[in-house]
Amino acid sequence: MVEEVQKHSVHTLVFRSLKRTHDMFVADNGKPVPLDEESHKRKMAIKLRNEYGPVLHMPTSKENLKEKVPQNASDSYGHKQYPANQGQEVEYLVTGTHPYPPGPGVALTADTKIQRMPSESAAQSLAVALPASQARADANRPVPAGGEYRHPGAPDRAQPAGAVVMEGSNAKNSALMAKKAPTMPKPQWHPPWKLYRVISGHLGWVRCIAVEPGNQWFVTGSADRTIKIWDLASGKLKLSLTGHISTVRGVIVSTRSPYLFSCGEDKQVKCWDLEYNKVIRHYHGHLSAVYGLDLHPTIDVLVTCSRDSTARIWDVRTKASVHTLSGHTNAVATVRCQAAEPQIITGSHDTTIRLWDLVAGKTRVTLTNHKKSVRAVVLHPRHYTFASGSPDNIKQWKFPDGSFIQNLSGHNAIINTLTVNSDGVLVSGADNGTMHLWDWRTGYNFQRVHAAVQPGSLDSESGIFACAFDQSESRLLTAEADKTIKVYKEDDTATEETHPVSWKPEIIKRKRF
């Protein structure tokens, strides 16, 4: 006789399963998970390689730091050393803070760790203990700066004032003279910019834009695979050039010859003769999409950057690849050239900026301050400085070694393009269609613009891919995702009274990396 199996509801079966599972693991409840040493070592090795791989080779300190300091002489900090008696240690007069910045790149040797950072009371007692003449002489001795040990990309550090001792009866009442708090300069007033023309004609995203040196016309490249030349004064289409088989990502007009250069996602770099409107040269070598290009201002050299993680230097006339600039670990998004050293600057999706030696074809400096992809770099036309843009952040740097100047925060979007004019107006354009205008010197954001998309486009097609000032710097052109080119000009009716600078100085502006 077959025994019938008792049937239970699904609810009861689930709870019984939960109880069996609980009884099985109740003994291990609350205990820490045992650490696997081998997997932990591998994880740390991978993390070190991924995050610190590009900066493994740090600058070394000078050899003279390893030499023994003679007696009756000043040490490498500029501090006076006194001869030691038998059984007595050498005492140091500390007149300032430690000259070596606490950053990477300074080797900790017997000389660099010999002194400790003095407290205010300790420095004051040392100054009181010495004769007035000796203390004054030592206090006035200049402390050598630690700039030569500064890691590339680190900000300049100002040395605080040293101990100053009064003469005569006030010798015992010496004190450390506090340095005056730094004052922030007031931003220069700039008139706001307003939209006055929208030019349509492309059938796809407008990805790049350039103005010709004569300021008569400008050229755009688009995702519709065409290059269009427009009259700058009227905004009318003059010419369309076809030849690329994919999105055109970069265009530039030569100042030395009647040539137009273009690059695209079809891996091609083309040279167009504008007298015949035909392609006369191809530059072959990139293995993937070419994202940008720039011409050297003084020699016939073209530089391109690509998704294949390299930038290439081309001889314009012979079409030969002079150098392949390798070192980036991800797509190179932007490249800029200048006549002074360093002559080539690249920004990449690997979050780094590299300054290159054009002659040797090697990296001079690698800047690792950005935390996200660097999609835009712009050089100031007058100052020896440049700016770089990544999502949510713009940074300013100083040539030739890439010293960090300041952050420009507030444009919370993916920044695709940067441009600056000689008056110090920096423009940043982002993928959400917003455009911010900044004062270059102070980093003050004086205007924010978000133009409406053209009728028939989606709001999500609001994005700025490229922007440029014309040669007179009176007009600003933007290439956008709604298939249009927008032209802005300064508001002639604006004054400092109608559009005042809404600026409040901070007591101390933090320099963040």
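Backbone N, Cα and C atoms are what each Cβ position is placed from, and that goes for glycine too.
Here's what Swiss-Prot has on this protein:
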type: MOD_RES; residues: MET1; note: N-acetylmethionine
type: MOD_RES; residues: SER119; note: phosphoserine
type: MOD_RES; residues: SER200; note: phosphoserine
type: REPEAT; residues: 201-240; note: repeat 'WD 1'
type: REPEAT; residues: 243-282; note: repeat 'WD 2'
type: REPEAT; residues: 285-324; note: repeat 'WD 3'
type: REPEAT; residues: 327-366; note: repeat 'WD 4'
type: REPEAT; residues: 369-409; note: repeat 'WD 5'
type: MOD_RES; residues: SER390; note: phosphoserine
type: REPEAT; residues: 410-448; note: repeat 'WD 6'
type: REPEAT; residues: 459-498; note: repeat 'WD 7'
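If you measure from the Cα atom of SER200 (phosphoserine) to that of SER390 (phosphoserine), you get 29 Å. Helix, strand and coil content of the repeat 'WD 4' (327-366), in residues and according to DSSP, is 0 helix, 21 strand, 19 coil. For the recorded site, SER390 (phosphoserine), the DSSP three-state label reads strand. Contact check: the repeat 'WD 1' (201-240) against the repeat 'WD 7' (459-498) gives at least three Cβ pairs closer than 8 Å, residues 6 or more apart, which meets the contact criterion. For the repeat 'WD 3' (285-324), the DSSP-based tally of helix, strand and coil residues reads 0 helix, 22 strand, 18 coil. Across the repeat 'WD 1' (201-240), DSSP helix (H, G, I), strand (E, B) and coil residues number 0 helix, 22 strand, 18 coil.
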